[in-house]
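Database features (TrEMBL):
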- 507-517: compositional bias 'Basic and acidic residues' (COMPBIAS)
- 19-196: domain 'Ammonium transporter AmtB-like' (DOMAIN)
- 237-453: domain 'Ammonium transporter AmtB-like' (DOMAIN)
- 504-527: region 'Disordered' (REGION)
- 20-38: transmembrane segment (TRANSMEM)
- 59-83: transmembrane segment (TRANSMEM)
- 103-121: transmembrane segment (TRANSMEM)
- 133-153: transmembrane segment (TRANSMEM)
- 173-193: transmembrane segment (TRANSMEM)
- 246-262: transmembrane segment (TRANSMEM)
- 282-303: transmembrane segment (TRANSMEM)
- 315-332: transmembrane segment (TRANSMEM)
- 338-359: transmembrane segment (TRANSMEM)
- 371-388: transmembrane segment (TRANSMEM)
- 408-429: transmembrane segment (TRANSMEM)
């Protein structure tokens, strides 16, 4: 729709800056590839197709909701200091009324928005229903996240007006996504194989569940149905672990590269002072990520007491360490020195490790530790701004430093409180309606088989091979060759029996010696 500024032509400087923002937008949106590689590699192979599906669908849902209401709630004039409501911003209806290029602002901020929903995806993997997850993505992109953005970046936002600083969203993106994912994971509950229900499972009821029967009815051969049932029941003993470390590493590298534009592009300009230039922002991002990754991979096994002579390093720890370092420096990277980025990275690793211990203690099932990386990393990131901001931080300023630090803490708890409240409302309703998660049989089969129609003769043959291998293993356990321990035990038993036989023989000889001499005794015979 045409408006007063429809014919406006940008100056050369504005065009250069627009290109920088558009390139950054493309890299930020490409983080979706990193997220689904990281998530897909961290989960079981039987759910990989579903991970790709829901991540692309969540990006699509977020796009529609951000266009329909999200951008308007976030960046319209915030007259009430809480949420915007200018109708010209909804569904891009009157973007051309403004001198500012809101088309550019929309696409850049959408890339941020979809990052938030992708964070939540990892925390809820392998048990949440697709409609409920997509509903939360719509809720997050259409209301929850825009309200936080209105406070932090929106014109008239109460945090922005009071000096709160968060360059690229360590709070409003990562803390919001991390807290939302953690609360969702608590309400939905752990995956079946990680829950107490596994010990009390009723096999008859499990085999009667509709999802299992629906899949079973698609198998024509009685032999194949029997094989499928054996494979299905064997999944009760499945070990939950990442299936592809290469995916995890590649996803992390994609995210790390894209993060350089995530933070660097948030300057919105290439024409800045060197003190706060995109190049310095990018350098701080790389430093913090590198330090946090190294610290985590070395020290987490000692702190969590998981290190052994054969398990010294873990690729998951390294990758999550790099990511939490990037998360934590995201708020301060335009206003902190390089040495401060290193310190932020060290403490980011410690906060991540503390987060892992926290969810382990409470039994929170977060398959990729997203809430530890983004939630705890974002928590520390906002505090770090209060300390290391080179214009207002505690270690730089004497006057007003308490107020600035206090506003960072106020923003921190406001974001946490708002996200917790909205997430409890949404998932609480879904749980009351009993539509928040899939059935036990659905989890055991995997989403790809239960929902995406991947079961075919090739897959059934793989299941048959797996079942036969399991049966051979069981037979071998019953007919196994004796180990060294078995042989030693056998030798000890044989020695014990020989000792008992010697004792019995000595006892008999003693009895013969004690018997009274008779007329047939050799000593009484006449020579």
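Glycine is no exception: its Cβ is also placed from the backbone N, Cα and C atoms.
Given the structure is predicted, the values throughout are model-derived calculations rather than measurements.
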Within-chain partners of the transmembrane segment (103-121) [C-beta distance under 8 Å, separation at least 6 from its ends]:
18, 21-22, 24-25, 28-29, 31-32, 35-36, 39, 51, 54-55, 58-59, 61-63, 66-67, 70-71, 74-75, 92, 95, 133, 136-137, 140-141, 145, 149, 168-169, 173-174, 176-178, 180-181, 184, 262, 265, 370, 374
Confidence summary (mean pLDDT) of the domain 'Ammonium transporter AmtB-like' (19-196):
93
Listed stretch, out of 59-83, 338-359, 408-429, that has the most CB pairs under 8 angstroms to the transmembrane segment (173-193):
408-429
I need to check the long-range neighbours of the transmembrane segment (408-429): which residues 6 or more away from its ends have a CB within less than 8 Å of a CB in the stretch?
132, 135-136, 139, 143-144, 147-148, 151-152, 159, 162, 164-166, 171-172, 175-176, 179-180, 183-184, 187-188, 379, 382-383, 385-386, 436
